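One structure below.
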Amino acid sequence: MSPRARIALLVLAGLVLLPGTGAVIAGLPPFGSTIAQYGERINAITPQVRHVANMVSAINFDLRGLDTLGEEFMLLAAITGTVVLLRGRRGEGNTERAMRRPGRAVIPRSDTVVLVCRIAGPLTALFGLYVVLHATVTPGGGFQGGVILASATLLIYLGEGYAGWRDTVRSHWLDAMEGGGALLFTLCGLAPMLTGAAFMQNVLPLGTFRDVFSGGLMLVENLGVALAVTGGFTQLFLEFMEETRAADEPDEPGEESA
Amino acid sequence: MSMLPYAVAAWLFGIGLYGIATSRNFIHLVGCLGVCQSATYVLLLGLGYRWGSIAPIFYDHPPGTPAVDPVMQALVLTDIVVGATLTALLLVLTIQAYKRGGSLDPEKLRPMRAGGKSGRDPGPSRVSDAERSVS
């Protein structure tokens, strides 16, 4: 199809959809006037019945925990697909060492970059841990904290170089974290059934409102999500980074010095 | 004024769709898909917003304070996480398409054939790549 015909088709489809879209937008409640009844009820009830201050975490890990389980496996499937596609040609044998592309210049890092990364890296990791652990109290949770933790490992790459980063970050550990996190979440769903409760029913003691240890089973699920997200995203970084180093010629893996 | 967030969402979606339809580069296409997706963030957060409400976190404010819709925020969180991993997956498919076809242009994408020979004439290194992966 020529580009011109495609634009014409797009405009035509847009014109067909326009009346319906207009009607839907006009039928929506005016912005900022009211919220859905479901959210209203959750805000009113959940702090008392679950002893949790963060409603978003309560929805993700308890009220709609089953949906998060599905999302967790979507995450797992997408990351597995990415890793399989990227690793396909390289094979798994080379993943233990930092590959180096022959002939590529190794650019030394300035002392300032190293210093800043050594200071900011641990602080970022600490902040990520804080965000993960306070999922039920303040804004945060396993998804957000996991991404921050994964970004903290990138600061190691920035400061210590690729070989240093690969010494810190082990591919097999990341696989284990990713799969183990998803497994932990699934077990959190199945374990209550052993006691006769429903799937993912919150059977653990709920703890004190506004305390780090509040929310019962949510804390374990949150930990599983944090593990899976940290492992998964770091694995993505690692595989993309390795891809930039895969030689077109037969590989000559070696250690990078910088 | 009350329609502005929805109009922004519709505009974002439309401009992303236009970019996808006219794209001549896979990476640009993935970026356009991201623009389309950000329309869903704006729409969901706009639907869940209410003037004079706090964030749905009752740490500093006692429970019972009017708060915005937490369901929409949870949905956006899900949306962002899945979107990020799917972007990674699409970029990997882009890499594979480039390796097989030697081009990032969706117009030049051809079906893959047995033996890894695509319809176009690939460079020498592409051929050796394809043959090695088959063997």
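Just so it is clear, glycine is given a Cβ too, placed from its N, Cα and C backbone atoms.
Long-range contacts of the transmembrane segment (A:73-91) within the same chain, counting only residues at least 6 positions beyond its ends with a Cβ under 8 Å from a Cβ of the stretch, are 178-179, 182, 228-229, 232, 235-236, 239-240, 242-243, 246, 251. Positions annotated as transmembrane segment by TrEMBL: A:73-91 (among others).
Non-local neighbours of the transmembrane segment (A:112-135) in the same chain are 54, 57, 61, 141-142, 144-146, 148-149, 151-152, 155-156, 158-160, 212, 215, 218-219, 222-223, 226, 230; each lies 6+ residues outside the stretch with a CB under 8 Å from one of its CB atoms. According to TrEMBL, the feature transmembrane segment maps to A:112-135 (among others).
The domain 'Na+/H+ antiporter MnhB subunit-related protein' feature in TrEMBL is assigned to A:115-234.
The transmembrane segment annotation in TrEMBL covers A:141-159 (among others). Sequence-distant contacts of the transmembrane segment (A:141-159) (same chain, at least 6 residues past either end, Cβ-Cβ under 8 Å): 54, 56-57, 60-61, 109, 113-114, 116-118, 120-122, 124-125, 127-133, 135, 165, 168-169, 221-230, 232-234, 237, 241.
Under the heading transmembrane segment, TrEMBL lists A:180-200 (among others).
Only residues 6 or more beyond the boundaries of the transmembrane segment (A:212-238), in the same chain, are considered here, and those with a CB under 8 A from a CB of the stretch are 50-53, 57-58, 61-62, 65, 68, 72, 75-76, 79, 82-83, 128, 132-137, 141-143, 145-147, 149-150, 153-154, 157, 166, 169, 171, 173-185, 188, 192, 200-206. As annotated by TrEMBL, transmembrane segment applies to A:212-238 (among others).
Residue counts for the domain 'Na+/H+ antiporter MnhB subunit-related protein' (A:115-234) by DSSP state, with H, G and I taken as helix and E and B as strand, are 88 helix, 2 strand, 30 coil.
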